[in-house]
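Asker: According to TrEMBL, the protein carries these features:
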TRANSMEM  21-42  transmembrane segment
DOMAIN    29-472  domain 'Major facilitator superfamily (MFS) profile'
TRANSMEM  77-98  transmembrane segment
TRANSMEM  110-130  transmembrane segment
TRANSMEM  136-158  transmembrane segment
TRANSMEM  170-194  transmembrane segment
TRANSMEM  200-221  transmembrane segment
TRANSMEM  286-308  transmembrane segment
TRANSMEM  324-344  transmembrane segment
TRANSMEM  351-373  transmembrane segment
TRANSMEM  379-406  transmembrane segment
TRANSMEM  418-441  transmembrane segment
TRANSMEM  447-468  transmembrane segment
Amino acid sequence: MKRKAEKQESSGCNEGPKGKMTLLLALVALISAFGSSFQYGYNVSVINSPAPFMQEFYNRTYLDRNGVPMDSSFQTLLWSLTVSMFPLGGFFGSLMVWPMVNNCGRKGTLLINNLFSIVAAILMGTSEVAKTFEVIILSRIIMGIYAGLASNVVPMFLGELSPKNLRGAIGVVPQLFITVGILVAQILGLNSILGNATGWPILLGITGIPSLIQLVTLPFFPESPRYLLLQKGNEEQARRALQKLRGWDDVDDEIKEMLQEDRSEKEEGQFTVFSLCTFRGLRWQLISIIVMMMGQQLSGINAVFYYADRIFQSAGVDNNSVQYVTVSIGAINVVMTLVAVFIVESLGRRILLLAGFGFCCVSCAVLTLALNLQNTVHWMSYLSIVCVIVYIIGHAIGASPIPFVMITEMFLQSSRPAAFMVGGSVHWLSNFTVGLVFLYMEAGLGPYSFLIFCAICLATMVYIFFIVPETKNKTFMEINRIMAKRNKVEIQEEKEELEDFRTVPGGQAEKKEIFSSGL
């Protein structure tokens, strides 16, 4: 086998050849992200444009049933439910991550998850014909559950498939497709396309198409080799999957690294959320993902989008053209996330996180000033536009994509599903909270709302600077050693027994205590 002699002299997982982007790896990343992450983004944005026409449908349906028009406060309640059920469903979907990925596998979970999307798409697409607005609200919960699972399982799946030198770039691909989904929903939602009285049911219903494509194609691609080896105990299937993904036959180094990981955590078994939260050896990893996920959602991205139309109108953009400006912001989001795919492996995760939150922090501070002075200083409205663009760039290169990459990298196989469940739950709860609180905050504080977001960005940036390590081009075990020092625990490894490990019946080799202090 190629490079065999060279590899036998090397020190295991640290000196092996760099993984390359094979056609199979690229295809599985694209199909997973398009079939799942794309729809998260699409459904975040899809009801914004047709909102007046959907509310008119709610009112008309109610009138036909009851003979009286809908009360305006009841209509507001129904529309608030339509919007907020999506992130609430996302929270419920995140709670399903741990049991599903452990029992059904990563690929299996994505395939099952498609059924949620297809059912919701059919219900939403036929809601007008069926003259029922209740199914739209129900479908938003179902789509939220779908998005909650997808937003956690796709980064986990792709992170486990990827070689260490491509893990960051491939880990950003799901976020890239989320931004593409938002942009496509904005384009299709234009009044001249589907964002009108006749087109909105089609706009809602076509979300099922990517799921159908994924349902048909994903079964032909391999399951996560780490899941096959470390959780199913099937080394032969794991080896075959790795050989297909890497494009070469000799994958011994990666198998050894996985087995080393397996040995280092065998004492603990599979982590539940409770055991993860109480385990000293993973304390700083857990705090880090909670801080990054809260920072990501509470940093004001929703507020910037909310204010964007108003900011552009104050700069002289015509009311009829504002929707095209919104599309242009979506395009900037996509382009900068694409840039992140290409620079994350060269610059590293820490730099992008710090730069991203730094851009967001500065732009929120300046935006507060600009919004307050735009009525007295005429060029301040143009400064507001610059702040919006800088903010979007900052969020797209760091705050949005990197936290999910970090969850994959900071946890080992046994704790990763529980970590994604915690991180995903924080992500969706924070999203839901911002949706509930921001309108009240905006009414009470006006432009000064952005000072709160500025402070959150600054606090997140300071935490990342002092606590979060660089994980670029490191194996999961190397990252685990770095965090073990932060947690003040000691990892005991017995490398000489790696080869013997597979010969012990049932894999129950005798092991020393992994984390030796203060558990």
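Heads up, the Cβ atoms here are built off N, Cα and C, so glycines get one too.
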Asker: Near the transmembrane segment (170-194), which residues from the same chain, at least 6 beyond its ends, have a CB less than 8 A from one of its CBs?
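Answerer: Beyond its ends, the transmembrane segment (170-194) has Cβ neighbours at 25, 29-30, 32-34, 36-46, 48-50, 151, 154-155, 158-159, 161-162, 200, 202-203, 206, 323-324, 326-327, 330-331, 333-334, 337-338, 340-341, 344, 396, 400-402, 404-405, 408-409.
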Asker: Sequence gap of 6 or more, Cβ distance under 8 Å, 3 or more pairs: do the transmembrane segment (379-406) and the transmembrane segment (286-308) meet that?
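Answerer: With 3 or more qualifying Cβ pairs, these stretches touch.
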Asker: Let me know the model's mean pLDDT on the domain 'Major facilitator superfamily (MFS) profile' (29-472).
Answerer: 91
